[in-house]
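Engineer: Sharing the features that TrEMBL gives for it:
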REGION    99-120  region 'Disordered'
COMPBIAS  102-114  compositional bias 'Basic and acidic residues'
REGION    158-257  region 'Disordered'
COMPBIAS  164-176  compositional bias 'Polar residues'
COMPBIAS  177-190  compositional bias 'Basic residues'
COMPBIAS  211-220  compositional bias 'Polar residues'
COMPBIAS  234-257  compositional bias 'Basic residues'
Amino acid sequence: QDGLKQCLAEFRQQLAWVERLDVTLGPVADPVSQNSSTSAAVDPENDFQREMSFYRQAQAAVLEALPRLHKLHVATRRPDDYFAEMAKSDQQMQKIRQKLKSKQEAMERSEKAKQLRAMRKYGKKVQVEVLQRRQKEKKNMLNAVKKYQKGLSDKLDFLDEEQTSSQGNKKGNASQRTKKGPNAKRRYKNQKFGFGGKKKGSKWNTKESFNDVSSFQSKVAHNKGPGKGGRGGKGGKKTLNKRPGKRARQKMKNRAR
């Protein structure tokens, strides 16, 4: 006992309260029941009662210590321009930012991939619908043709529909061609050089030249002149340029080498 008392005396320091800031009080009174809950009244197995007991005891200590600190002119509120160093370094926060950014980019890529898959599915669905519609139209037309061939029907409406559709396509193509017109290069050349004016027309045929057959030679026209090797001619052998066969051309190439 003497040794314990000696150690306790060494631990005890006679310092001012502002240096120790020790407050020993019971819990503050409950505002509902208007009585202070003692430690015996608190059930230690009840988490809510136990935590409320700690909270009221801390509240009582604050209500006791704050007025004493104000009397000693000790500031109890943090100034607005207070600067405190963060617990985590800038390098660690940079790593966290990079990780969050990579997660966000991965989510965006996943969302884009989902949209592309949805667009592909929709395009495939539309393509299947178009093919089914075409097959149905073709089947209906074949059935109408069979009925007409067997004499079950005398209507030719399917031909009219086909002609109207083809004419509509032709008209659409013609309108596109007319709307298109010459390109920019052609328009620039037309503006710079003009259209060349009217040609002299020396090679144009006229009514008189068409009716004039005096210069026509039937033997020359039908390859029956002298020295010609045509059928019934006097040459006996054909003098037309005939391309040699494949084997002969191969031999000529080998000789040239």
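Every residue gets a Cβ built from N, Cα and C, even glycine.
These figures come from a predicted structure and were not determined experimentally.
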Engineer: How do the residues of the compositional bias 'Polar residues' (211-220) split into helix, strand and coil according to DSSP?
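Structural biologist: Secondary-structure breakdown of the compositional bias 'Polar residues' (211-220): 4 helix, 0 strand, 6 coil.
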Engineer: Sort the residues of the compositional bias 'Basic and acidic residues' (102-114) into helix, strand and coil with DSSP and give the three counts.
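Structural biologist: Each residue of the compositional bias 'Basic and acidic residues' (102-114) counted once, the result is 13 helix, 0 strand, 0 coil.
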